[in-house]
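Enquirer: What TrEMBL lists as domain '2Fe-2S ferredoxin-type' is A:11-89. As annotated by TrEMBL, domain '4Fe-4S ferredoxin-type' applies to A:143-162, A:188-216. Feature annotation from TrEMBL assigns domain '4Fe-4S Mo/W bis-MGD-type' to A:230-286.
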Ligand code: SF4
Ligand code: SF4
Ligand code: SF4
Ligand code: FES
Ligand code: FES
């Protein structure tokens, strides 16, 4: 059973969205309003369980009177605002941002991005064959998960999930700056030397597959990863009494990874090491 | 928060450097040896966490003493402050002046930025590197503008130790720079700040009138030259009265954004949330800008008095002076001046016996242009990476430590003194309708007398260049620094006001006037500007982090090309530039393409 928490009733505010009246509860973002109106605004760094970091800038929209474009994911709707989501100006920025990203990192495992590249007619190749790329080797330093920063768009979601927003382990952070900025543990050490407790909450929020289960990483390398052949079953974790929800991803009768429903009011998608990674006993058939 | 610390240990010297700042640790929870009491009693926790803002000073302490920051030193500092090591590592690697890899105790920063490049920095660097090869015990680092452009080319030597020693060589020769790096302690003294003010001692100066006239280390001398009359007047007027005067004077911020200062003060003063903070932005890092340095070195008490007035008006009892890490002389003079002011009751619990408490703390930056952005500056003071925050909320509401904060740069604050002594109407009568008062310009490059010039708003670019004695063969002038724009040699009648430059399709920015004659290869200059922004991008948002890289690559490709051969890459530059201007989080990404665009459109670079 999913419990929907009832908040205090909020006042509604009115503003214009692409020329039409929109009514949203006070405190909503422009993105909330867009989604309610069925408009498709691309997002990458926005996370449903995290405070918006608004770093990727693919969700920018035009607000009447603002000098620059504004990120829909974090800007709150204000009464009387005039917002346009699909102008040439906004589309141009989204297109260039997608090109900049796709030309510098590997987006092959980022859901939806292929569609957006097509929709915005982005041509990441036009920066030439010598365009600088991240060129990071995957960091495989423990048995549970792999950090492949060649796919990292620096959305900060994993840092926020590991830090003060959920896990409070503060095992990872952004180091360096500019194009050289990377997610790292202290002294750029292996994960095993860090404060990581292997809750996997960073994997849960990573939008690009830069962080992935070792099982998924190995299967992808072996060419056996097949999402279409997987089933998902949500159940309750059996380890302790908290009652966290687990979603088991099963392929060929094997659990290949574990996620957790984000709309669960107890866990919001977060788990501990046992719920996230402790599934081998289930499939230990000898 | 359950922090995990590695087992790297600090050396005795590293420990001493940290303890000199924070005092000795009181328990094993903070990094001391374990005592019996520690088994029963845990302390530190919240109390230590409240000192997170000492992270940057702590990193400086280690870097100053050792020259770099080792794992053991960083971990020890983290223990003392209850800061997660991963976060502290992220902070330490954000700043250009820190190193987390071993390096020699002496670092020689050689400026390769615009004015210095035009004055022969590439040859200087090459010469220095030949002389100081491997094993010399000096690490030579190419640096962005050191704020010494009037004496280009410039070099700054920093030798770690207790105390840390610094020496400036400018204009630098290979010999002098090598000498300065070899023994910074015995290098020849820098010329006084007044030498950067060709007008020094002239009548009619309002902001620079004491530079070269007073002894910057003497409070009495400052008072004998009119010091502290403005503060007395402020106390007569009361906070609301001061804000009224500043509003009526028409003063707008001199940092580039040109926001009305009185409105900002009023907005902060009226916030119910307490405490209020005052922040003086002295992180002058715009290439070509050195006026704040000259003001601070030539008349440091003026800034302290102005900060006290601003604090009084806005209801702040604490002011932070965020000073560029590359300004050692300004640091010493200001530290001394603050100490004197405190000893004489001009700072502290009861300023001038008026029952108003105010004190100033200096925080040093560590080599990051972005920390001049106001919200990045707050993050930097608080001990986080100097990444800009997204606005809203605005600083007047939630600024430093999440509290209402008023932030002004040095030049803006110093303007408050004449406003109070002469009165708002007299001040507002100077300049033009929308741009009132005097304005400082940093003139450098191909001129006979480079330096800081004070002129009333309304003077033209030509007027300022005439004062500085422009050399033959002027090709272009860069207005407003790397984030500004180029104008042609035939556009010298542009009035140097906010509205005048806007009308002419350019910007006043921070008051940079950098002249280039036709001996300077323009494409190299543009490449240097692009490199600067790529280097200084904080990396937070995609348009700026990747856009600056793609622009630099395109400029590299067309360095020797023109016309049709360059057209494709120029189109690319425009498209990327437009997205950077529209979609970047902060002003750095939004303006990074301005100067190059103006060079293409106004100067016809690559035609
Ligand atoms: S697994 Fe958990 S503790 Fe480890 S880095 Fe990810 S979020 Fe942090
Ligand atoms: S690893 Fe994933 S979650 Fe972390 S910053 Fe990179 S893309 Fe975002
Ligand atoms: S525009 Fe550049 S400097 Fe500003 S937040 Fe974005 S990446 Fe950082
Ligand atoms: S999704 Fe809005 S900025 Fe990234
Ligand atoms: S000091 Fe070298 S350009 Fe300013």
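Backbone N, Cα and C atoms are what each Cβ position is placed from, and that goes for glycine too.
Map these features onto the structure and tell me what's around them.
Expert: When pLDDT values are averaged over the domain '4Fe-4S ferredoxin-type' (A:143-162), the model yields 98.
Under DSSP, residues within the domain '4Fe-4S ferredoxin-type' (A:188-216) fall into helix, strand and coil as 12 helix, 3 strand, 14 coil.
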Enquirer: Quick test of the contact rule: Cβ under 8 Å, at least six residues beyond the ends. What residues does that give for the domain '4Fe-4S ferredoxin-type' (A:188-216)?
Expert: 44-45, 47, 49-50, 105, 107, 109-111, 139-153, 155, 157-158, 160-162, 166-167, 169-172, 175, 225, 256-260, 269-273, 276-277
Enquirer: Do any residues, 6 or more residues outside the domain '4Fe-4S ferredoxin-type' (A:143-162), come within under 8 Å Cβ-to-Cβ of it, and if so which ones?
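Expert: Residues 44-45, 47, 49-51, 53, 55-56, 101, 105-110, 133-137, 169-174, 181-183, 191, 196, 198, 200-214, 217, 270, 273, 277 contact the domain '4Fe-4S ferredoxin-type' (A:143-162) from elsewhere in the chain.
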